[in-house]
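Asks: Please find one structure pasted underneath; my questions will follow.
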Amino acid sequence: MKKLIYYFGSNGSDGNASMKNVLGNKGAGLAEMSNLKLPIPDGFTITTELCNYFYTHNNNFPKNFQNDLKKAITELEITTGKIFGSTSNPLLLSVRSGSTVSMPGMMDTILNLGMNNEVCNALTDSCGDKRFALDSYKRFLEMYGTTVLSIPSDLFEQIYEKHKIQADIHKDSDITVELLEKIIDDFKWLHIKYTKQLINDPYEQLESAIKAVLHSWMSNRAVIYRKINNISEGFGTAINIQAMVFGNLGKTSATGVAFTRSPSTGEKKLFGEFLINAQGEDIVSGTRTPMPIIANDSNSMQAMMPEVFKELSQIAKKLEEHYLDMQDIEFTIENNKLYILQTRTAKRTAIAAINIAVQMVEEKLISKEQALMRIDPESLNQLLHTRIDYSKGLTSIAEGLPASPGAATGIAVFSPYDAEKLSHHHKVILVRHDTSPEDINGMHVSSGILTIRGGMTSHAAVVARGMGKPCVCGTSNLSIDEKKQILTAGDIVIKQGDIITIDGGSGKIFLGEMPLIQPTFSEESKLILDWADEISSLKVRANAETVNDALVSIKFGAQGIGLCRSEHMFFDKNKIPLVREMIIAPDIERRKLAVQKLLPLQMEDFKALFRVMKDKPVNIRLLDPPLHEFLPTTEEDKKNLANSLNLPLSMINQRLHAMHEVNPMLGHRGCRLGICSPEIYQMQIEAIFTAIFELHKKEHIECNLELMMPLISNVGEIKKLKMDIYEVIEELEQRYRYKFSFMLGTMIELPRAALGSKKIAKEVDYFSFGTNDLTQTTYGISRDDIASFLPYYLEEKIFESDPFTTLDEEGVGELIEIALKRGKSSNANLKLGACGEHAGNPASIEFFHRMNLNYVSCSPYRIPIARIASAQAKIKHG
């Protein structure tokens, strides 16, 4: 068996920062801080190896583990000068989880372990403060009871509140020694009621606590968190056992969390909060609203504890310069002595990540490549958060702490269950006293989070920032009744289902729906995206059909349009009647008449698009979807169509019935339409090329056209369509006495097209892989119907991910690789692109880079994500 226990503390450490897979994120940090000679409580880390052994051996420990554990405790007793379980000089322990990947609040912690009546009395004698000793005992009974014995936490809360009410006490700090003794007696009774015993033996407490932490690795909340954040279950958790240091030892003791820069904005100054006379869980749980570390008022640590603040500032600077990244630091102050409990790379908003990365490049701490690799591409969604338009003279009903930026409007809900249930049909704002790890699913589906208690480093704030959701915490001027499902702000009562708006940037709360403004990129955001473009070889284009789409795409840095779905232009209310006439017309003459009516409308659409894009490439796909998408379904629409064609309604119904397809997505669509009804594609070709000519002649705009044929399955279809297309173009060239320049390409979205790509490539200038349909036709799964069984497939690990979100490299990816190799073998100059949902997915973009594609094309709002992902792929793979 590998070594299971590593020491750290004032005498150095057995480990270091590189050992995260063995020691976990927290343990590796403690080891490294020991090596840096920073003030940390002595302790040891039990490696992730124990967790993996535990789960593969029926929840049992290895043979000699108990002996190794006792040896480790003995070493700790020697370095601290205290004895575990002693009735004269007791050593108390903290037992904390520590995954290899940070999972804040998702797993269990037990503080003050080793407590019993005798130890409590000894602690009183050694420190001379009975209230402190009793408070520590009370905390242990509650934490051990909920974490190890699975006693519902609200039962402890009820006992605590009952005694406070009976004694007419409102502040925790006013609780007397006598009242604490009564609360402890009731907590003990609760232990005995649930487990038939009170565990007083310190070693029995320790072993059961270790097992509880190991069990928490597979707790529901931890499993959900890993699933949401794509963290492997195979990592396991380490366990960190340390000598307790006490932040609840009076007015010269405290606990807190500090960030070396702002996790919301990235501003370069120490940021964080602390609580005097408290333990760590008080600040993280959000049950008390903390005070700032640095501020201009007398309640800040800077003002109240200037010497400790100075030392903390120096340590924060040292840690950031050592790790070359922003740090999240947990600390405790015991009688004015500072101890660092943990440091880790801090979670941050997207804008903070960008600002910090740019700052650190400018400070010459890291390179541009390192800066880019620190940006989570998906987190850039946060840059697209809306904000409230305050120019409208709005009045808020309450204000709290701005815990996570962005504005959100939705109906108020008061439980995670209701959030999940109602989010299917509404945007929801989850309103709670404070959130806990059990709320993770409800938080995930909510548009925003509002808590009455807690600060900027509470569970709600940290998780919301990680998810990129707006959050307001610490709204002390609001009151909530979760059972009655009402929120009160003065005379205003908000019930479940009422619409509210929260602003996570200012902390303001509003009744009703507020006007919102779309965000703009900061200069730092533009700069880091420019760095991405400098490095990446895979260009990023947009899927766009409208002028608005094109403008948004250019704003976000698109290098062209990689997919213009021309049929989207047909769904305009002025065009759809003409499209229906074209489809339903019983003879060629009437069809041509409808086509001619559509021609000028489609031409204006293309002109508007080309005008915005100027000389950037615009890849237009000819009409693709099945005709049923355009056909009338209501009686009113059918009657209107009959009138416009001057046909009886019965004939319209006959035509509709004749055109019915059992499986339209694999039926009369794409190039099959263009071959069987050539006048449709002829009209589109004339509209496109006439638009190009008129822009050239009248506005001196030189368009960069790429023309694409959809749903090709064999080279015969290509040859037929090419003949028809060039016939129209040649006629237009003669009419306008102008030579058109363009590229002709095809979608590769059917397996047969991929396999037959050698012949197809000879006929075209480029391939664009339509990965949506290629995935559908490879799997034989409809993208619209996969939701009915996908959750089960993911849960059973039949699929590792949704194949319509992340490209299946083994199946669909192999077809793409076959197609590009065979295509290039017959056409060395063949250009390659990809469009569809996968083109905006970072993991899929990495695959496209490895395949040496020229570009990807995604929705406008995925462009920043794709630009960063493209650069990261280049940095990783060259």
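Placed from the backbone N, Cα and C atoms, the Cβ positions cover glycine too.
The active site, tele-phosphohistidine intermediate annotation in Swiss-Prot covers His459 and rests on similarity to another entry. The active site, proton donor feature in Swiss-Prot is assigned to Cys835. According to Swiss-Prot, the ATP binding site annotation covers Arg96. The substrate binding site annotation in Swiss-Prot covers Arg565, Arg621, Glu749, Gly770, Thr771, Asn772, Asp773. Residues or ranges marked as Mg(2+) binding site by Swiss-Prot: Glu749, Asp773. Per Swiss-Prot, region 'Central' is recorded for 405-502. Marked as region 'Linker 2' by Swiss-Prot: 503-537.
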Asks: Would you mind pulling the DSSP three-state label for Arg565 (substrate binding site)?
Replies: strand
Asks: Cα of Arg565 (substrate binding site) to Cα of the residue listed as 'active site, proton donor': how many Å, rounded?
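Replies: About 11 Å separate the Cα atoms of these two residues.
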Asks: Using the structure shown, find which entry in Glu749, Asp773 (the binding-site residues) has the sparsest Cβ neighbourhood within 10 Å.
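Replies: Ranked by other Cβ atoms within 10 Å, the binding-site residues Glu749, Asp773 bottom out at Asp773.
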Asks: Please give the maximum pairwise Cα distance, in Å and rounded to a whole number, for the substrate-binding set Arg565, Arg621, Glu749, Gly770, Thr771, Asn772, Asp773.
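Replies: For the residues that bind substrate, the greatest Cα distance is 15 Å.
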Asks: Out of these recorded positions, His459, Arg621, which one has the fewest other C-beta atoms within 10 Å of its own C-beta?
Replies: His459
Asks: Identify which of the binding-site residues Arg96, Arg565 has its Cβ surrounded by the largest number of other Cβ atoms within 10 Å, counting every protein chain shown.
Replies: Arg96
Asks: Select the most exposed residue of Gly770, Thr771, Asn772, Cys835, where exposure means the fewest other Cβ atoms within 10 Å, treating these as the recorded positions.
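Replies: Minimum Cβ neighbour count within 10 Å, taken over the recorded positions Gly770, Thr771, Asn772, Cys835, occurs at Asn772.
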Asks: Considering only the binding-site residues Arg621, Glu749, Gly770, Thr771, Asp773, which residue has the minimal Cα-Cα separation from Arg96 (ATP binding site)?
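Replies: When the Cα distances are compared, Thr771 comes out closest.
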Asks: Would you identify the secondary structure of Glu749 (substrate binding site) according to DSSP, in three states?
Replies: coil
Asks: To test your reading of the substrate site: which residues beyond Arg565, Arg621, Glu749, Gly770, Thr771, Asn772, Asp773, same chain only, put their Cβ within 8 Å of the Cβ centroid of those residues?
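Replies: Those within range, site residues removed, are Leu563, Asp624, Pro710, Met747, Ser768, Leu774, Cys835, Gly836.
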Asks: When the region 'Central' (405-502) is classified with DSSP, how many of its residues are helical, how many are strand and how many are coil?
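Replies: Its residues fall into 25 helix, 34 strand, 39 coil.
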Asks: Give me the Cα-Cα distance between Cys835 (active site, proton donor) and Arg621 (substrate binding site), rounded to a whole Å.
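Replies: One finds 11 Å between the Cα atoms of these residues.
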Asks: Tally the residues of the region 'Linker 2' (503-537) by DSSP class, grouping H, G and I as helix, E and B as strand, and everything else as coil.
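Replies: Each residue of the region 'Linker 2' (503-537) counted once, the result is 13 helix, 7 strand, 15 coil.
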Asks: If I take the alpha carbons of Arg621 (substrate binding site) and His459 (active site, tele-phosphohistidine intermediate), what is the distance between them in whole Å?
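Replies: Here the two Cα atoms are 48 Å apart.
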